[in-house]
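Look at TrEMBL and you will find A:R48, A:R54 tagged as NADP(+) binding site. The FMN binding site annotation in TrEMBL covers A:R131, A:S132, A:S133, A:N243, A:A244, A:G288, A:K303, A:P304, A:T305, A:S306, A:S307, A:R329.
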4 protein chains.
Amino acid sequence: MSHNTFGHLFRVTTWGESHGPAIGCVVDGTPPGIRFSEAGIQAFLDRRRPGQSRYTTQRQEPDQVRVLSGVVPGEAEGELVATGTPIALEIQNVDQRSKDYSDIAQRYRPGHADITYDIKYGVRDHRGGGRSSARETATRVAAGAIARLVVPGLTVRAALVQIGTIAIDRSRWDWSEIDRNPFFCPDAETAKRWADHLDAVRKAGSSVGAIVEVVAEGVPAGLGAPVYGKLDADIAAGLMSINAVKGVEIGDGFEAAQLTGEDNADEIRTGPDGQPQFLSNHAGGVLGGISTGQPVVARFAVKPTSSILTPRRSIDAAGAEVDVMTKGRHDPCVGIRAVPIGEAMVACALADHYLRHRGQTGRI
Amino acid sequence: MSHNTFGHLFRVTTWGESHGPAIGCVVDGTPPGIRFSEAGIQAFLDRRRPGQSRYTTQRQEPDQVRVLSGVVPGEAEGELVATGTPIALEIQNVDQRSKDYSDIAQRYRPGHADITYDIKYGVRDHRGGGRSSARETATRVAAGAIARLVVPGLTVRAALVQIGTIAIDRSRWDWSEIDRNPFFCPDAETAKRWADHLDAVRKAGSSVGAIVEVVAEGVPAGLGAPVYGKLDADIAAGLMSINAVKGVEIGDGFEAAQLTGEDNADEIRTGPDGQPQFLSNHAGGVLGGISTGQPVVARFAVKPTSSILTPRRSIDAAGAEVDVMTKGRHDPCVGIRAVPIGEAMVACALADHYLRHRGQTGRI
Amino acid sequence: MSHNTFGHLFRVTTWGESHGPAIGCVVDGTPPGIRFSEAGIQAFLDRRRPGQSRYTTQRQEPDQVRVLSGVVPGEAEGELVATGTPIALEIQNVDQRSKDYSDIAQRYRPGHADITYDIKYGVRDHRGGGRSSARETATRVAAGAIARLVVPGLTVRAALVQIGTIAIDRSRWDWSEIDRNPFFCPDAETAKRWADHLDAVRKAGSSVGAIVEVVAEGVPAGLGAPVYGKLDADIAAGLMSINAVKGVEIGDGFEAAQLTGEDNADEIRTGPDGQPQFLSNHAGGVLGGISTGQPVVARFAVKPTSSILTPRRSIDAAGAEVDVMTKGRHDPCVGIRAVPIGEAMVACALADHYLRHRGQTGRI
Amino acid sequence: MSHNTFGHLFRVTTWGESHGPAIGCVVDGTPPGIRFSEAGIQAFLDRRRPGQSRYTTQRQEPDQVRVLSGVVPGEAEGELVATGTPIALEIQNVDQRSKDYSDIAQRYRPGHADITYDIKYGVRDHRGGGRSSARETATRVAAGAIARLVVPGLTVRAALVQIGTIAIDRSRWDWSEIDRNPFFCPDAETAKRWADHLDAVRKAGSSVGAIVEVVAEGVPAGLGAPVYGKLDADIAAGLMSINAVKGVEIGDGFEAAQLTGEDNADEIRTGPDGQPQFLSNHAGGVLGGISTGQPVVARFAVKPTSSILTPRRSIDAAGAEVDVMTKGRHDPCVGIRAVPIGEAMVACALADHYLRHRGQTGRI
């Protein structure tokens, strides 16, 4: 994975900061003939868009995507057909208030990338966090909307499964709940508890972490590779590359450390269709770096945003010791908006491995 | 990360199966002038070598490394000087007993990559697990021994911090204990409990998972990149690419989900040397994908090996339903030997990012 | 070199077709602190711009570049400072006349990529040649303007040295002539002959090939690598990737085949500054894939454009045999506009190798 | 193209110097199920092997290849079946006479990479030229033997078409002559003239350049990509990466500069099979970076080796001015042995693009 590019045959290169004129990405390697539309991409972007509830930043970002290349018009209204050449996607930045950030231009927010950018580059776009802004992730969601179409029959969905110390009750998991609450929560009762909790967090000017679970269904068996080019290694890289993510799991993840070999092994029978049928999915759909045909299940942990109203001890660019608090409009729980981003990264990894598998083996 | 290559400027390509004549790797991009020796690499390999206690597989693998290219002799006895060209490292395979595996040639071990290899490739080296064998990881440890030398002043150490449900007591952490017990355990008392537990697991023909923690000290600030080429994303990919790993964390990892922004933010003061001094390290040494100069802390979860003596339900290559148990000589806890491998992958990621950072910015 | 990306540490990804809303590129890996301006990039684009004389296509393409990301404002008017994050450059398409191309939508122009695009992708943007349009090269020139700044002290210039069978007289080479004629010709007398010749070619609705020579001065010694990552191999790839290029040479190129070892060897003395001083430059500044410190000299051959007014035998997309002639506004000699593009590709290769060399060796 | 790796999906990484214990390569991405044998690879290596006539170096290098990984035994004697995992190929070095090189350890041969290696790396394996030795190319030939099998129906052949100023007569081209003379010359009469000429060159302790032509037949239409990932750009990079190569052409190459659009355009009719049938092949089988289905034709120029007996002016590593002549056993015309190497590089590029095309488009 290079500086700003994800993937090998299906490659996404993103660019842009929150306070420049636009952000965007180049999706290279899309199979020719794939059909999509700006409206279809927009639907995914709208799920990530801030300002939709009081639990996300109140910035207004219409995030209207434009397709600038790599397509010809299809027959249907608004339909686009990929030509196989690079698809450039672009989103204008509209609601920038640079003055909001003036007082943190020279002061490093604890827990934020301000200081490491300055150390690394010696120059930094402090407005809105520059490249570290969650805004970059809008372009990932746009790319993911195309990635989903690369693997026939693929469905990638994600849910928020924990905010702070409050986890969902998995026995109540209902995918249809996801769009009925502002948290992408699959458990209606937990969603209510989260609402109360986040109201308190928000009022305190604080923030809180979260855990997201991504489930990809319809993944063909055989995607991945045995050693470094493992499907799960690339998913891990993709998810860990999302802002504020500090942990990634596949299948049972860290729980697997506590299992015995007997418990962990997913037994196999032959299904009615003559295909292998696994009796459980501790593996999360990946064995030896290669997909089994079961759902691919990944989880990732999002730390609380470092933009809080409580003053914290820090230094400024000149090394002087200061106290820092972050005004402006921020998410009390960035984990919420990470849900569609996690879906996008898993979709991109699957699209890339689908093409790589077809390339090397010709078996799909 | 390509099929079998890890890294960009410092690139490691591994090859080999446990039952061919040899395994090896090509380390490309080593800075010229780096001095090392076969004995120095061997020291790291010896730590990973099986058969050193009753808690690892009883296979005898001397794992004698040879350096075949990329060096000229140095002045000291056995000293080698890197020329900047590819360094080929090779280890002969000696203790192969192919017959041990005859009865699993056609039967898929539940929880093992047997079945996904067959689905993906349609042909498979079943002897010793082929490419999925832990044996491949010896070449990573060898490469890691060179990677460590690329970053001046770098120290990378790892410890086993949990076996099954038994975690160490962090208040007793003592790095000097690591080499005094067969588990790389930094806590002498927990090591005793693990010994008892693993004796029972081994006698039962079972296996158990574990958690490894890697700590890299002396990491210069500034390594990494803001988006996909994040230091932590590449570390996550490297660790997830180790056999049997199902989860990866940086810093507080999944615990970060439970923190508030106040708790999570590592406050900063100016140290006696005029440099930024962090008052805590929840971030695990990485902010916004870039190293802070603090220790880089990563953890990974290793599932229990799927080679167990208890019969499990499965199918064979023809789709017939069978029961499978794995005779042969296996590790009751592969997490133990994963300790030096985890060190190696972190060292490789740091070496690569050190060169990339120097390349782009010239600031180190 | 991937689908649409050139370079490793300094990476250029281009996108866009001549008849979409815009074209552009993402320049990733620029060292932070590099200072440039839109006007500075524009100056290079203006040299490539069509419609400046009767010898290039009469399309009016103002080719106004915008910098969308990766910079903060500098102190001087219009000055931009690279932050080290991806720099997105964009050029709107303005003078599109899709109807000009209607009659070749289904008919393959002999010598053109129409047919191979259709075979490869099964779908094609026929308007203006889609991705095969020379228009894509505007983005390369823009990227090259930044690449030039990456290597301190670098100068990259190119000249047209042959049109059809009329070559320049090298004894009259004068770089200052380059901008005084519409051909980038360093020999004023030959420029006059070319003018007459091209007038005839243009009136006949025909086209003609050309040879471009690129000279890079101020290239530090040591850039490149011994085997595949050779500086000259990457320059060859970059130049051969320009539309219509069919041959590439370094130094004496194909003439070297006729030399003896005595003639070919560039003898070396110690210069007044104590540095190696080569007495000739048959090598074109590259020995064993690595720069010598002498000027890097590369030449490339551009075939005549296939868009001509003379009917040629061909087939249409349905396989029916047809005659094809290309109306519309085309270059009688695309080699002219290839001059700044060749400079850009050499600059990009040098920038990439400069960063790679600094990364691996730290010696510059 | 990275330091020592060629290709993307079909990737070849080479290592080794002429005076270490061995040289080798790792071939990654081979489709599973491909069948080959050590003897089959050996046949290609034997063609490149020196010491077979008085026109190549008299070093005796048996160049016996071993396959160390990535295969399982096939049914036939000696048959190997690729498993899809990395194939390691290794060749022991046997006839090393390090003392031959003692007097050039500190003296830079004009025209040789000695000096640039020292400048770049500051340390160098001077024995046999280290990594710049033609010996590295044996591993390319071995890799090429596998690459040929990746594209069904592919034939890649090459011939020497010019030595010094003596070119073949193309009207006498006869592929069956290739193996009847020590020059891979397709024209028996020219081969005789070359024999006389090279005898004189050899006796004079001199050397001479040459031109090689590679022809690949059975290349499916559609391989390549429109912009940087062009088939011809990757072929150019591969050929230019061969030692001593200074120029590369596709199809008419530099001659295309002299053609008009009418002459250059390969007209198209519909063949008896209903497929497009080109009436000429000026394009060399590549249009817009994508294969047409016609034979891919590439040529490259090899400079005379710099190892000659005539003293030339140079400097030593300390900067002192010296005269240098190269004793030892060298090729009077390295172009001869470049013939099978050129085949190998074209085969590797085609194999890679075949897999990439299948991956992205699924159309083959």
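Cβ coordinates come from backbone N, Cα and C, glycine included.
Structural mapping of features recorded in TrEMBL.
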| residue | record | Cβ contacts under 8 Å, 6 or more apart |
| --- | --- | --- |
| A:R48 | NADP(+) binding site | A:D63, A:T137, A:A138, A:V141, A:R337, A:P340, A:I341 |
| A:R54 | NADP(+) binding site | A:D199, A:R202 |
| A:R131 | FMN binding site | A:G16, A:E17, A:Y117, A:D125 |
| A:S133 | FMN binding site | A:E17, A:S18, A:N243 |
| A:A244 | FMN binding site | A:V302, A:K303, A:T305, A:V334, A:G335, A:A338 |
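Contact with chain B, taken as any Cβ pair under 8 Å, is found for the binding-site residues A:R131, A:T305 out of A:R48, A:R54, A:R131, A:S133, A:T305.
Annotation note: A:A244 (FMN binding site) sits in a coil segment as assigned by DSSP.
Listed binding-site residues A:R54, A:R131, A:S133, A:A244, A:T305 compared with chain C at a CB cut-off under 8 A give A:R131 as the close ones. When secondary structure is read from DSSP and collapsed to three states, A:K303 (FMN binding site) falls in the coil class. Under the DSSP three-state reduction, A:R48 (NADP(+) binding site) is assigned to helix. Look at A:R131 (FMN binding site): DSSP puts it in a helix. In the structure as shown, the Cβ atom of A:K303 (FMN binding site) sits within 10 Å of 31 other Cβ atoms.
A 10 Å cutoff on Cβ-Cβ distances gives A:S307 (FMN binding site) a total of 25 other Cβ atoms nearby, all chains included.
Counting Cβ atoms from all protein chains shown, A:T305 (FMN binding site) has 27 others lying within 10 Å of its own Cβ.
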